[in-house]
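Input: a single structure, listed below in structure tokens.
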């Protein structure tokens, strides 16, 4: 069973926010949750090594974040199974295996997109996790790697991981990945998008649940993809222009609600900010995720500038945001 949202008959995976390294941390996810009650949120990729050997609590999250999925990076079935059990015990709603990140530091650890070249190992990893948890185990991948970019290669990968790994849900980034020669940023922009190939994959594997990811910039585009796919995952646009999430519950999930007011969202962050600051957090680490909230609204530039210049100062607290809001209110 996939996690369902609290107030909708539609599954949470219908619309999700992509796992993004250095971006979708727990502060970011708490903020995004205030914009949409329904959207499925993903953590940044967390490696099995960090969870098993790291000194920090890499599984920390706020209860308010649900539904929330943990994305794991790794390629050792036993270690992945161990981490999946820990994550389920902590209350995560889904475990996702990263088979799409092309970063050099990821390849060196033998996980991410390079795993696409070893479908049997991916199947073994998924099966090991499925055997020890009852929550969904999903895979996020690309449509190919390097010169292994034929449709037959992609189908063989899906066949192996769904058949032998018993994976029932895939999130497909509609680009291939170059494992050398391109930076992670270039790998998100240079390989061309091929949405029709992902649509065809869903038609050829109708029994599997599939979400599409890559280059999606509006809810209108998301709704078009949902004519072909089970779910849509949005990445950079949702981070850089989070205001688009204000209408997700109504437009994507059919909820009988009014769209979220961004000013109210900012003020709803104040108790969280006060709590985090009291535990040693730094305001700038929270507000950096909120800079794009008013994109397209008069005063947005002043909002960004004020936060950027003041959130890092000693003693900065929620009053900084309240002052920044006046720059928006003056323009409304």
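Cβ atoms here come from the backbone N, Cα and C positions, even for glycine.
In the record from Swiss-Prot, residues 19, 20, 21, 71, 140, 213, 214, 215, 235, 236 bind FMN; the candidate from 53, 173, 285, 289 listed for the same site is 173.
Following the DSSP three-state reduction, the secondary structure of residue 19 (FMN binding site) is coil. Local packing around the recorded positions 21, 101 was summarised as the count of other Cβ atoms within 10 Å of each Cβ; on this measure the leading residue is 101. Within 10 Å (C-alpha to C-alpha) of residue 19 (FMN binding site) lie the following recorded sites from 98, 185, 188, 301, 304: 98. Relative to residue 215 (FMN binding site), the recorded positions with Cα atoms inside 10 Å are 188, the candidates having been 98, 101, 185, 188, 301. A separation of roughly 10 Å, to the nearest angstrom, links the Cα atoms of residue 188 (site 'Interacts with tRNA') and residue 101 (active site, proton donor).
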